[in-house]
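Listed features, source TrEMBL:
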{"type": "COMPBIAS", "residues": "1-12", "note": "compositional bias 'Polar residues'"}
{"type": "REGION", "residues": "1-28", "note": "region 'Disordered'"}
{"type": "COMPBIAS", "residues": "18-28", "note": "compositional bias 'Basic and acidic residues'"}
{"type": "TRANSMEM", "residues": "34-56", "note": "transmembrane segment"}
{"type": "TRANSMEM", "residues": "93-118", "note": "transmembrane segment"}
{"type": "TRANSMEM", "residues": "147-165", "note": "transmembrane segment"}
{"type": "TRANSMEM", "residues": "185-212", "note": "transmembrane segment"}
Amino acid sequence: MADNNSAQQKTEAPSPRRLREAREKGQVPKSRDLSAAIILLAALFAIAFMEDGIIYSMQRLLLEHFETGVNIHLPAENLPYYMIGFLARVSMVFMPLFVIILIAAVAANVLQVGVLFAPRVLQPKFERLNPVEGFKRIFSLRSLFELVKNVLKIIIVAATVYWVVKARLSELLLIHFKTPAQLLELIASILLLTAFAGAGAFLVVSFFDMMFQRYEHIKNLRMTKQEVKDELKQTEGDPLVKSWLRRRQREILANAIRQEVPRATVVITNPVHVSVAIRYDEKETGAPVVVAKGAGDLAQAIKNLARQNNVPVVENPPVARALYQNVGIGSEIPVELYQAIAEIIAMVYRLKGKAG
């Protein structure tokens, strides 16, 4: 029963195929807050650089509009056409700003998920109408994170407004000495500074949101050991799966080495090409057991880890090669190597006794 439960637990990282299928369905980690922060900052920078041009163009347009309204008496039936023309000209003034916002929106999405076309997102998903799933979403870790994030946003807005007002308080106290133009300029600069500070703070918060979205995405796509086995059978020739499998094997081997080498009795080396870690505990096993082994860089890593944990390292090329080639990790040493290993372990015990 315990083995069955263990097999059903989603403990394995998602395979390339699973990630690819999720992407085709439009399931990608994306932070709306990060997109909003990038768009807001782009819009603010655009406004800051184009402010004078926009104000000048709008002044000319409004003056022309009012002069036309005073000097020309339009028939009532032509008024809608005139207003449409006026609004079209206003739109042209703000068109560069709209284009920058559009580019920022596209860039924000491409930066997060790359170029993605997923028509399957448009297909209706009836499971979203399931009330049970709805309650699960309400009381999930994601909901808690969203609550904390929204509270943090409110705090940031309040702190930003307070900081800006405090920094410009001396100017605000003298507003009754300012002309209307100076007052408008002061208000505009305060609003722009507040917006920049708030957008910068939101950008920082949104990076944490992006990291959480990626964590949730990987967590939701995790696989059971059985799912991994089934998928490997189906995609045995897939180069992406092979690469992923090799990477997972290296990760598992590296984790095993980090756990087992510090507990080893001795590490026997070639000395350059091969390292084999052996543990001997007469209470646990009748014979010494190979707990880790490796060649090349892995052999060097085993030796380094052994020295860091005060595990003796003994050079014995014939024994090291024989163990590496013939004994698997977790297996007891063969009978023909008993004598050689016994001598090495006895020497280690003698050295430890002298050191003690």
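The backbone N, Cα and C atoms fix where each Cβ goes, and this holds for glycine too.
Segment contact is absent for the transmembrane segment (147-165) and the transmembrane segment (93-118), given fewer than three CB pairs below 8 angstroms at sequence separation of 6 or more. Within the compositional bias 'Basic and acidic residues' (18-28), the DSSP-based counts of helix, strand and coil residues read 7 helix, 0 strand, 4 coil.
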